[in-house]
Amino acid sequence: CCTPEILRRALSGLSARWKNWWIRGILTLAMISVFFLIIYMGSFMLMLLVLSIQVKCFHEIITIGYRVYHSYDLPWFRSLSWYFLLCVNYFFYGETVADYFGTFVQRREQLQFLIRYHRFISFALYLAGFCMFVLSLVKKHYRLQFYMFAWTHVTLLITVTQSHLVIQNLFEGMIWFLVPISSVICNDIAAYIFGFFFGRTPLIKLSPKKTWEGFIGGGISTVVFGFIFSYFLAQHQYFVCPVEYKSETNRFVTECEPLELFQMKKYSVPLLLRAVLRWETVNMYPFQMHSIALSTFASLIGPFGGFFASGFKRAFKIKDFADTIPGHGGIMDRFDCQYLMATFVHVYITSFIRGPNPSKLLKQLLVLQPEQQLNVYKTLKSHLVEKGILQPSLRG
């Protein structure tokens, strides 16, 4: 029903199967083009994109609950749902501001108060919503109101916390944002193409159109794509450097000395592959090895986010979360696999990649009182002297 009229007329002579193929294909290319444009516009625009997608996904899931449970007469239900969304976003984005914009906050007294008491303010806001919910309880709707209260909180868990992790990954470097997201997109497209042309064997009952041929073809394509895509991204500071906010210029910057992870190294080719490739060594970026792990997760585990969404839709007898994108369904239909991926990448970075962050530590030190900064300086100096890195200062 949402297909543009020009596209509908152009494809009028095709069968339903091929018509859907062309609609999906054309709109997929359009969405990818817009995505590349937003990447070009920088990190801040990507954060706004993530926030917009989060709000739309929340809206789609809440609307399903509203319709399925016929919650039209529940007092304050929709208002409270959006209020809780606002509270949770205030909490998570406030944490982000405290972590990454410390020097900016230090220069503005009104912000210092908000950051210092951020968690207390967030909790007070949530308590206000909780009390409003209790006051809104009506005798004949008790069970339904608690259903919807739980529905709202699970939706917040799925959308807001995951989008917060996506932004955390972005601050580690745009490559940690682009490679996982692109891998999921690639897997989705490749699985659809392989399934469309070669699919014969059903994969899972929850999603009858998914086939083993699509699953395997998409998986192999995703690993190859992730490996090659990582090679090109790792060459540019813009993609590999952590995103930092410079208060002097009031801009986000991505400038640094690239980590060893993004510096070309020579590796020995395993004996089993030498006979095939006829190479003894190969030059590549260490990150490309990590991209294999990310791509493998995107192709093996990522689709289970889609299967989960399929089960959810079957449970409530709906075809799609919404009809926002012709041929694709709602925004949530396109991003159901991304939420699992975001959590995995965050856990992967904290477990295997991230070390001590001097820049972040320095920002925290600058927030301290002068006496505390002096104590840190004296402690650090005595520690370096004991290790023989600094010479003891001589007096008189």
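Cβ coordinates are placed from backbone N, Cα and C, and glycine is handled just like the others.
Quantities reported herein were computed from a predicted structural model and do not represent experimental measurements.
Residues or ranges marked as transmembrane segment by TrEMBL: 21-53, 74-93, 113-135, 147-167, 173-199, 211-234, 287-309.
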Maximum Cβ pairs under 8 Å to the transmembrane segment (173-199) - stretch from the list 74-93, 113-135, 147-167, 211-234: 211-234
Chain residues outside the transmembrane segment (21-53) and at least six past its termini with a C-beta under 8 angstroms from it: 3, 7, 11, 14, 89, 163, 166-167, 170, 174, 177-178, 185, 189, 192, 196, 243, 252, 254, 325-328, 331, 334-335
Maximum Cβ pairs under 8 Å to the transmembrane segment (147-167) - stretch from the list 74-93, 211-234, 287-309: 74-93
